[in-house]
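Read through the structure below, which is laid out as structure tokens, and then see the notes.
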């Protein structure tokens, strides 16, 4: 989300293609007493980070409570909506659909007034989009309004898009309408008309007459050549209070029915899936046990693992039983505060939660590859001009609070590719993946971000051919892909 939001804000220095503009109004720079309001003082003094950070932190805290694929869907919608507002203030930039609607007139408008107008509008858009997508964030975001002397009820007015609050309402409601039927079944009604469950699986025949059938667990061991493998199996999770649940595969339909952003349907459908892994489970299990044993006594690995567990922020991990189909005894990670101890393999658990989706390929490694390649592409180099550092304060571990790390630990990244490498390795340290899963994801997801960045540049320059998505409400279903060598062109991961 932070990346999407940063890119959305950067669009405020881009622009939109010529059409009839509207004059910005509705703000009074001075209040009745002649003093600037808190928000206007912050904006005019250039304190933009101070303004938005109080909104971002509580929103992210609620966002990460969703499963990872849903986090990214919501972040995509939120970031695009904020971008839409920012784009209204510039000369050529188009919205993500390649349209030019309600652009503000910027000529002959006082620069200071326009600056305040823009930042108030993006502030309100951030807030309104956040509470629309994640209603539980509202009680935490409302106090931010009071801090800046604003009242959330301003968004209930009937003022048009010439005002900051009218524009915020316009772009948020416009986006809400277009994502109702984006193939994610957010309201659950593609599966059930009544008693619908949000994001539940469903059967569907797309507008292109291709069918998608809901996922069903196959417990049978399969043979591929000289190797055997198991399809994805649901794990049992516990809340620690006696309540147990068996997983359902999270959004298995997303790669088939979900709306595409930044790439064409033909390109997406042309991509092959990675060939099934040729796992020797005895060797793989021993590698996992040894890797997690080392992690159990390595504070840096523990903290990096927690750091990359959520791509938005660290989350409170949940212990999950993951049986390795062996009852031999091995030295391995024994749990929080336990370090490395002798234990039965059936009692082994990964350090952080195993997500409810397939092990191969690694979704986390895919995300980190796309992230680092995006930053390298936007910055023009794999080298980070000012090295990125992150410090883990003593005792700040989510799994072993108060104990780990024993002293402050600082990690430094000098190249964007180092983020990809460390992110993928951390999934191995924690025992969430076998090794081939990470390398396959890195290869599969490398390169496809190029088309997204190219389209972003087109939108910035007013070229509608760079549109990220269609407003068409008809869902097309992508056919299942044949397995093969992707050579960096794959797009789906479990």
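Placed from the backbone N, Cα and C atoms, the Cβ positions cover glycine too.
Range with TrEMBL annotation region 'Disordered', chosen from 431-462, 463-494, is 463-494. For the domain 'DUF6851' (81-209), DSSP puts the residue distribution at 63 helix, 3 strand, 63 coil. Predicted-model confidence for the domain 'DUF6851' (81-209) is 89, expressed as mean pLDDT.
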